[in-house]
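Everything on this sheet refers to the single structure shown next.
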């Protein structure tokens, strides 16, 4: 590793979820505070960090492919520092070093804020593995944000659920909620820098506060996601607040009412349902029924009729019959989601479902995924149709990389929208502006339109 006065450049590749993206921003901030600068290309970097995901096997295999390329590079460039962070690192630990001996540092997601300390150990000539359970300290790190308009703020780490297909609890640890004032302080700092939108993040965000002490006079927990939203809503300068990812088991009417009543809360909800069949949900150990999920959606649409809904779903779970799969298709059509992230079941290490003997063959997985993706796209296109001819408030996030004359941004309902950077009065719009856009054209997953004079 290079001496501190000659740190050189770094490159971070992020796989997986929004939590990983937020972790990568923090680690980039640490590296830049140490004197590193971002490289112009991965193969030019003096330090390469892969922040990894193990939710699905294909993401994990992609990491090993990337590592093989960098390991070969390190054999001719011993000054290269090679780091694997995130969930694959946590899952594999020291076995990663045996598989890729060129690695300098293997670190689980709970150790993201310790990157400088761990690299100092690498400086001293050690190969370092940091995967032990660790209490996550407050986010005192100044993150290097990928956007100057929209930011992530972690509010709870880890997950206490035990879904039979999911590896997250074993790699991200138990739930650890941050204190409300610390979260608000971070949001105030971002707003002071000009950020307009914050997404509050948690693997299971509506479980926020379960591990914090305190009971209200009414007998409920003192700290909940609903209370947190009320606490941070008055941050000056912020225009929008979102949160993800929700679990139906903890999604309450009180939370829905807060989203409807607090003006900065966006009318977009990401609530995975995973299956439209109760027996499959029971086998997954999800802890709710299809009927409960429907009640949540009905309540959201009662309070916010135009709210957008997105979800995650798994097809070809072990033992899933054709009839059970058809119930999932029916639920998607019934609810009319704006977007659904789909996946065929992938056995993951250290999960109960991976050991069951009723795994479905690959051809069924491929066919069910193909069919459900076609349905999801059709539903998305139909849902997007309601925007045609409407005027929507769009937060401009930056230039359309495919057309520099356009800006791109999102509606409050999270619809990606493209529009001219120049208004009818020759006004030039820029990132951070809230623009009223007349929607001229709709596609399955995006909108385009014309900015109106404000």
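Note: Cβ is positioned from N, Cα and C throughout, glycine not excepted.
According to DSSP, residue 17 ([4Fe-4S] cluster 1 binding site) sits in a coil region rather than a helix or strand. Taken from Swiss-Prot, the feature [4Fe-4S] cluster 1 binding site covers 17, 53, 87, and the record attributes it to sequence analysis.
The [4Fe-4S] cluster 2 binding site feature in Swiss-Prot is assigned to 159, 163, 166. The Cβ of residue 166 ([4Fe-4S] cluster 2 binding site) has 22 neighbouring Cβ atoms from other residues within 10 Å, across all protein chains displayed.
If you look up Swiss-Prot, you'll see 8-124 marked as domain 'MTTase N-terminal'. Mean model confidence of the domain 'MTTase N-terminal' (8-124) amounts to 90 (pLDDT, 0 to 100 scale).
According to Swiss-Prot, the domain 'Radical SAM core' annotation covers 145-382.
Sequence annotations record features per position, and here Swiss-Prot assigns domain 'TRAM' to 385-453.
Listed binding-site residues: 17, 53, 87, 159, 163. The one with the lowest count of other Cβ atoms within 10 Å of its Cβ is 17. Under DSSP, residues within the domain 'MTTase N-terminal' (8-124) fall into helix, strand and coil as 66 helix, 23 strand, 28 coil. Counting in whole angstrom, residue 17 ([4Fe-4S] cluster 1 binding site) lies 14 from residue 166 ([4Fe-4S] cluster 2 binding site) by their C-alpha atoms. Residue 159 ([4Fe-4S] cluster 2 binding site) sits 13 Å from residue 87 ([4Fe-4S] cluster 1 binding site), counting Cα to Cα. The record gives 159, 163, 166 for [4Fe-4S] cluster 2. Within 8 Å of the mean position of their Cβ atoms, the other Cβ atoms in that chain belong to 161, 162, 165, 167, 168, 169, 203, 204.
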